[in-house]
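Student: These came from Swiss-Prot, pasted as-is:
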| type | residues | note |
| --- | --- | --- |
| BINDING | GLY37, GLU38, ASN39, GLY40, ALA41, GLY42, LYS43, SER44 | ATP binding site |
| DOMAIN | 5-240 | domain 'ABC transporter 1' |
| DOMAIN | 253-497 | domain 'ABC transporter 2' |
Amino acid sequence: MAAALRFDNIGKVFPGVRALDGISFDVQAGQVHGLMGENGAGKSTLLKILGGEYQPDSGGVLVDGQAMRFPSAAASIAAGVAVIHQELQYVPDLTVAENLLLGRLPSALGWVRKHTAQRFVRERLAAMGVDLDPQAKLRRLSIAQRQMVEICKALMRNARVIALDEPTSSLSHRETEVLFKLVDDLRRDGRALIYISHRMDEIYRLCDACTIFRDGRQVASHASLAQVPRETLVRQMVGREISDIYHYEPRALGDVRLSARALEGDALRSGASFDVRAGEIVGFFGLVGAGRSELMRVIYGADRRTGGALTLDGKPLDIRSTRDAIRHGIVLCPEDRKEEGIVAHASVAENINISCRRHALRAGLFLDLKREAETAERFIKLLKIKTPNRRQKIRFLSGGNQQKAILARWLAEPDLKVVILDEPTRGIDVGAKHEIYGVIYELAKRGCAIVMVSSELPEVLGVSDRIVVMREGRIAGELARGEANEEAVLNLALPQGAIAHAA
């Protein structure tokens with residue numbers, strides 16, 4: 001019996017880069033096939049070929065034994081294939097129902113039947129266990145909710161082959177469990193699934209088989225994942241041993257650098273108070289919707305501050321815009337890289353230099369292009385950013401390499417004092433995480449105060465000197481590194497009703 005999906009010797013070349021070289025593996029009906037590899041290994045490129053965005057330069061794709069050619073996304077969808085990319089694709093000013101039914105809205109005499117569409121979508125969402133308002137516009141939803149819309153869109157097309165690229169990267173624990181149930185149901189229903197994730201727990205929880213990519217090549221395939229130790233997968237992914245991914249080292253801390261007192265914003269229910277010392281890494285943990293990102297945006301001047309006070313090195317700080325924050329040496333690496341972090345149409349070099357250009361002016365008028373080029377080359381080498389050259393458009397880089405470029409932007413700032421990192425390793429492989437943690441430690445050694453927001457509890461525990469836990473828009477408590485463990489952090493993060501119910 002033919003495999004539900006077969007990649008046959010797939011090759012793809014971009015200018016200066018061989019993105020894929022001889023990729024061949026099968027995905028069976030009723031199977032979840034994991035795809036792992038470092039950022040830039042070629043996983044997302046393969047899915048773009050499957051989804052009709054790219055054309056292979058060699059090899060081909062077979063669906064149910066039949067050779068297929070996908071000149072467009074529409075051709076891929078028509079063949080029963082659904083690809084859900086890490087970078088979400090939606091229309092922000094349309095509703096949930098309109099996004100889910102885009103191109104097939106029920107109509108009569110040219111008029112769209114909105115009530116019929118909303119009722120249909122509400123029934124389908126309920127059947128999938130997803131709690132979303134069909135009338136809500138995508139722009140007003142969280143990243144996690146938008147992710148669920150994309151997943152539901154693929155499921156509503158009744159696709160036989162479904163590929164998921166980092167689907168849980170922005171989901172809460174509850175939403176992740178809903179997704180896992182959906183994947184299990186689809187497997188039992190005989191669908192063929194490709195599942196890309198950097199989270200080992202997810203791969204072992206969901207996947208029957210697994211293929212490993214490195215530098216565009218297929219380095220290993222495992223028909224039965226249950227028999228493969230985790231250490232083997234990591235070694236095959238990165239080509240080296242990583243015994244301690246966090247490699248935490250204590251360091252001397254200075255005086256209080258950033259202090260927040262009774263800080264309030266439109267999305268913060270009560271005043272938030274905390275301190276961060278020079279050279280200290282303070283991890284912020286909380287469930288989705290706890291208010292962590294909202295608090296960081298208030299500090300950075302991206303959202304309005306409605307109350308409270310900030311001080312920097314003991315002096316009052318009045319930040320009314322992101323420009324004010326950067327001028328005082330406070331920077332933010334945002335959660336949503338695509339929308340708020342990178343300038344997609346600009347080059348890697350331009351993205352690295354965009355903030356510190358004021359330091360590259362000659363006579364206050366002319367850009368020192370040689371200096372900018374040297375700065376970009378230095379950080380590309382230092383952070384091991386995988387790019388053909390500094391002129392490459394940043395949108396063509398993997399998520400991990402885009403994140404490194406954003407970090408390079410702030411490393412290039414000579415007067416850096418506070419670095420806020422919102423989900424700095426979201427959707428990034430284990431090798432790139434290891435390198436990014438090294439950058440965070442280097443910033444701390446320089447005396448920067450580091451505030452790191454993360455939904456990955458092991459990361460918060462592994463990297464932070466101190467942990468602040470938020471719950472329902474408030475700071476619920478804080479823990480020193482020596483007293484912090486998963487149970488203590490979760491007890492602070494979970495709603496009190498949930499804790500009582502669990503007891």
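Cβ atoms are placed via backbone N, Cα and C, with glycine included.
Note that the structure is a prediction, hence the values are computed from the model and not measured.
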Student: Any idea what DSSP makes of GLY37 (ATP binding site), helix, strand or coil?
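Tutor: The three-state answer is strand.
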Student: For LYS43 (ATP binding site), just count the other CB atoms lying within 10 A of its CB, please.
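Tutor: The answer is 29 other Cβ atoms.
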Student: Centre the Cβ atoms of GLY37, GLU38, ASN39, GLY40, ALA41, GLY42, LYS43, SER44, go out 8 Å, and tell me which other residues of that chain have a Cβ in range of the ATP site.
Tutor: THR45, PHE213, SER398, ASP429
Student: Return the residue, from the listed binding-site residues ASN39, SER44, with the maximum count of other C-beta atoms within 10 angstroms of its C-beta.
Tutor: SER44
Student: Near GLY42 (ATP binding site), how many other Cβ atoms are within 10 Å of its Cβ?
Tutor: 26
Student: Does DSSP give SER44 (ATP binding site) helix, strand or coil?
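Tutor: Assignment for SER44 (ATP binding site) reads helix.
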Student: Are there any residues at least 6 positions away along the chain from GLY37 (ATP binding site) with a Cβ closer than 8 Å to its Cβ? List them or say none.
Tutor: LYS43, ILE212, PHE213, ARG214, MET237, ASP429
